[in-house]
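Take a look at this one; I'll ask things after.
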Amino acid sequence: MMPLTGAVRACVACALLSATSAAGYFNIEEEKGPAQLKASVGDSIVFNCKLDFPNDVPIPYIMHWNKGGSTVFSWADGQLTAEDPYKGRVSPAHESAPSPTAEFTGAVNLTSIRESDKGWYECRVHFPNRTPSTRLNGTWFYLDVDGGTLLATPPINKTTLEGETAHFSCITKNRAHRVTWYKDGVPIPDIVELRQRSFVSPDGSLTIAPTAMGDPGEYMCEVTDGTTRQQASAHLDVQYKAKVMYSPREVQLPFGRSATLDCHFRANPPLTSLRWEKDGFLFDPYNVQGVFYRRNGSLFFSKVDEIHRGRYTCTPFNDLGTEGPSPIIDVRVQRPPVFTITPHNMYLRRSGDSVAMPCDAVNGGDVERPLIVWFKKDGTPLPRSRITMEGGNLTLVDIVDEDRGMYQCVASNGAATISVETELVLENTAPRPPYNLRAVSSTTSVTLTWLPGVERPQTQHSVWFRISDSPQWHVLPDATDLDPSAPYRQADTPEWRTLRVGDAESTEALVSGLKAAREYEFMVLSQDEHGDGMFSKAIRVKTAGTSTVEEVQHEIREAIGSFQQIGPPRNVTVRVTGDGFLVAWDPPAFGVEDLKHYMVRWARGAPDSGYLPSGTDVTNDLSYVIRYLEEDRLYTIFVLSVNSNDMEVTSHPVSLYVPPYRSQRALSVGMAVGLALVAVAVAAAWYLREKQIKRMQQQQDDEASNLPSSNGKDSGKG
């Protein structure tokens, strides 16, 4: 036998290695078990195909999912394609990006499962730039479909253009089965927008013709035979050219301040670009200092100037094109208003008198007047039958006690809103109630402080107080002491006691001789030579210490359920600001440590005549801005304290009247035009009169110069 050379030995080794690798390959393939998947008709399922990159380095690949020896869908170059009947039902289950790990998962989602989808699926991976093009890649799946007894072909997702027809299959196994279609959970016959444009065929399929911009959503068919029910859903996407939905005729931009000019559009597919024009020419913000594009295509002016006024249009575009430009938007630059006449700080009157409070303003840099309105600061409406408005001047006649208080003159235009305040004080009337009542307690005493309603000479204060443990409980005579199961009855409410404050100007009082560990209720009453005023809001204060009574009450409260009390918000006020109607308040007098949040509610109408709820919002601040209220309406505003046990306590209501701004603006403009015409007429009359006087004077001078002189003759005779 001839000895083997090195080359021959190398060839033999290669052959043996190849045979061993092939055997290993087939053994691994045989060891791989199929993935068992199960779904019902109308459901979706994920095929998760494992990847094994050569040397653990991701390289370009192609995936094929085969069924019955044919490729049903494929993944290549980041694109997923499918054959009938899988078109429209296959999508990537997650982002398929290369990974540095040894294994990579490529997964697809098959939706709207049909009974015909049942069977064996094989996932194969190919590397087109490598020899060999295949490795130990591939996964077998067996999909078992529970067809039920009703539905044969469920609907699949659809994408269509606006105005075209959308068709959803919902084929039943028996024509006698009843089919009902829903859009986003609502029966289609109940949707007015779809009722006239949709119909259901005898086999249960739904057709929408033509489709509209508002049709996208989830469409579900429900099949029932009276006892069994089966459902399947699909989504509709309606695409259309970018279109302008709304365009205001006129926009006022505030001079010297920042502002935004919006283009109200809709686009599906999403917006790709937006073109602005000004005065018929392309407006490029990149070439205009201080003007920028927002992400949504709006124009942002960092500081509005006169150069920004003009006639603007916007045209949105997406991948399908555009429906055209918006109507012309007339952009004007408005300067903030400036007061030219303001009322005095205070007006002192008697009941039955009248008062005239002047107020006037002009738009900055302009002779035109802004809209001027008057409010009562506490929100109560002005008495229409007893007021007159001339320009910005307010006249109030037959003054009554309810008219006293703070008044606001508000001037507003498209740029800003400014206001000035004045107070109407009435003589010979009872003082207003004290407010902002606070207390500091010890074991047997409480120190009270407050703010006077109106600072007047010779105003006295008295403190009213009583025990107010809530509830107070007494053990019945036949009950044993401190027995939690003993019967109890609620005690009668104790009577008020009073303490007069000696110093007339003092706003502090010490109430002593109180019981320990008891809750007391306090109020302060103001008095002067005209009589008693109104009580302040009551507060509850608990003295320090412990007692047997407190322990009994604690056991009773534990039996009926623990709770944490909280007081209402105090000193609620409403005033007009540039952003809307600002509601402000003080925190509760007690229970603030357990405060969860505040709730602001506003409703149309007055509390004593019934009202219609309009809005509610929650805040943790001590103020809230109501952005919009209807004009020429009376509103009632409440603020509630809510603690951790969701206990709600409501403040006293505050009334707010919103004047009819538009009608008053029109009246102001009409009056301004009328005054301008009168001024022109007066000026013309004055000019003609002066011209006539000059003509007559000239005639007299001419006549005087033509008369003969007699002075010389008289002198000669003498």
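Quick reminder: no glycine exception, Cβ is built from N, Cα and C everywhere.
Reproduced below are the annotations present in TrEMBL:
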type     : residues : note
COMPBIAS : 706-718  : compositional bias 'Polar residues'
DOMAIN   : 42-125   : domain 'Ig-like'
DOMAIN   : 132-237  : domain 'Ig-like'
DOMAIN   : 242-315  : domain 'Ig-like'
DOMAIN   : 337-425  : domain 'Ig-like'
DOMAIN   : 430-546  : domain 'Fibronectin type-III'
DOMAIN   : 568-661  : domain 'Fibronectin type-III'
REGION   : 697-718  : region 'Disordered'
SIGNAL   : 1-22     : signal peptide
TRANSMEM : 666-688  : transmembrane segment
Going through 42-125, 242-315, 337-425 one by one, which has the most CB pairs that fall under 8 Å from the domain 'Fibronectin type-III' (568-661)?
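By Cβ pairs under 8 Å, 337-425 leads among 42-125, 242-315, 337-425.
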Run through the domain 'Ig-like' (242-315) and tell me, per DSSP, how many residues are helix, strand and coil.
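Once the DSSP states are binned, the domain 'Ig-like' (242-315) shows 6 helix, 40 strand, 28 coil.
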Over the domain 'Fibronectin type-III' (430-546), what is the model's mean pLDDT?
73
